[in-house]
């Protein structure tokens with residue numbers, strides 16, 4: 001499909017693979033496949049358990065289901081394509097497929113960030129205003145929050161591929177990750193990318209950046225309320241209800257910040273660092289989230305054991 005000026009063809013991009021001999025790459029593929037299977041099984045189990053257990057039809061567990069669905073969608077949009085070039089050598093990805101994958105990664109990440117913020121607000125209301133919790137966070141309100149999170153992710157990140165669509169790509173086609181990210185694709189364009197740079201940075205700050213600030217604010221208010229309790233046992237008991245959510249927040253934001261730092265300051269780093277950070281960003285939350293909540297939530301533990 002020609003560009004508007006007719007002088008260039010829309011390119012296919014070459015996905016990055018971990019350097020090394022064929023035997024080492026086979027082990028990498030096996031490790032990625034194992035992590036993907038764990039993510040599928042763990043998040044699928046969370047969805048099934050909450051669906052079958054009426055006692056878990058509460059806002060906190062509905063938010064957990066949203067996280068599980070997002071992690072399934074995010075990992076499925078990337079990992080099978082990564083495994084295909086390790087197993088079959090198909091490292092090229094078409095222009096349209098690359099832009100679609102890029103949109104899904106960024107939009108789903110924005111949705112996950114919004115859901116994590118909603119879970120922080122849920123913990124704040126439950127601890128600081130327990131008598132109002134049932135009235136404020138109903139199941140209907142939780143569903144509306146989920147729809148708003150999806151709309152927010154789509155509206156903020158749909159312009160990213162649209163801004164890249166008319167740009168010419170006349171130089172290198174090699175990406176620095178095993179999947180398509182906005183900044184990675186944008187750097188290959190041989191044209192002015194200032195609008196894409198400005199909009200991409202603005203979108204990330206207004207979504208992930210703002211969410212991180214509000215999550216921190218929620219926990220400052222929670223900590224303030226917990227410290228008002230007289231007994232240390234009561235403080236630990238109340239705050240322990242937030243441990244799982246804090247771990248999930250760290251599992252999402254630490255790889256995100258690490259990937260951003262590598263993109264911004266690590267252009268001279270070895271390809272191994274870029275590829276590894278990208279895979280961590282995609283797979284670590286999907287693998288850890290169901291494990292964290294499975295360990296911390298007795299209802300989920302009991303139901304999974306009964307299913308087994």
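Easy rule for this one: first residue shown is 1, then count along the chain.
Placed from the backbone N, Cα and C atoms, the Cβ positions cover glycine too.
If one looks beyond the transmembrane segment (26-49) by at least 6 residues along the same chain, the residues whose Cβ comes under 8 Å of a Cβ in the stretch are 18, 20, 56, 64-65, 68-69, 71-72, 75, 79-80, 82-83, 86-87, 279, 283, 286-287, 289-291, 293-294, 300, 303-304, 307. The transmembrane segment annotation in TrEMBL covers 26-49 (among others).
The domain 'G-protein coupled receptors family 1 profile' annotation in TrEMBL covers 42-293.
Taken from TrEMBL, the feature transmembrane segment applies to 61-87 (among others). Beyond the ends of the transmembrane segment (61-87), by six or more residues, the same chain brings 15, 17, 25-26, 28-29, 32-33, 35-36, 39-40, 42-44, 46-47, 50-51, 93, 101, 104-105, 108-109, 111-112, 115-116, 118-119, 122, 139, 142-143, 146, 149, 178-179, 248, 279, 282-283, 285-286, 289-290, 293 to within a C-beta distance below 8 angstroms of the stretch.
Feature annotation from TrEMBL assigns transmembrane segment to 93-121 (among others).
Taken from TrEMBL, the feature transmembrane segment covers 133-158 (among others).
Residues annotated as transmembrane segment in TrEMBL: 197-222 (among others).
Look at TrEMBL and you will find 243-266 (among others) tagged as transmembrane segment.
Annotated transmembrane segment per TrEMBL: 272-295 (among others), in sequence order. Long-range neighbours of the transmembrane segment (272-295) within the same chain, counting only residues 6 or more positions beyond its ends whose Cβ lies under 8 Å from a Cβ of the stretch, are 16-19, 32, 35-36, 38-39, 42-43, 45-46, 64, 67-68, 71-72, 74-75, 78-79, 82, 105, 112, 176-179, 181, 244, 247-248, 251-252, 255-256, 258-259, 262, 266, 301, 304.
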Among the ranges 93-121, 197-222, 243-266, the one whose Cβ pairs under 8 Å to the transmembrane segment (133-158) are most numerous:
93-121
Which sequence positions outside the transmembrane segment (197-222), separated from its termini by at least 6 residues, show Cβ-Cβ distances below 8 Å to it?
106, 109-110, 113-114, 116-117, 120-121, 123-124, 127-128, 152-153, 156-157, 159-160, 163, 182-183, 186, 239, 242, 246, 249, 253, 256, 260
Using a Cβ cut-off under 8 Å, which residues of the same chain at least 6 positions beyond either end of the transmembrane segment (93-121) come close to it?
1, 10-13, 15, 60, 63-64, 66-67, 70-71, 73-74, 77-78, 81, 142, 145-146, 148-150, 152-154, 156-158, 160-161, 164-165, 169, 179-182, 185, 203, 207-208, 211-212, 214-215, 218-219, 245, 248-249, 252, 256, 282, 285
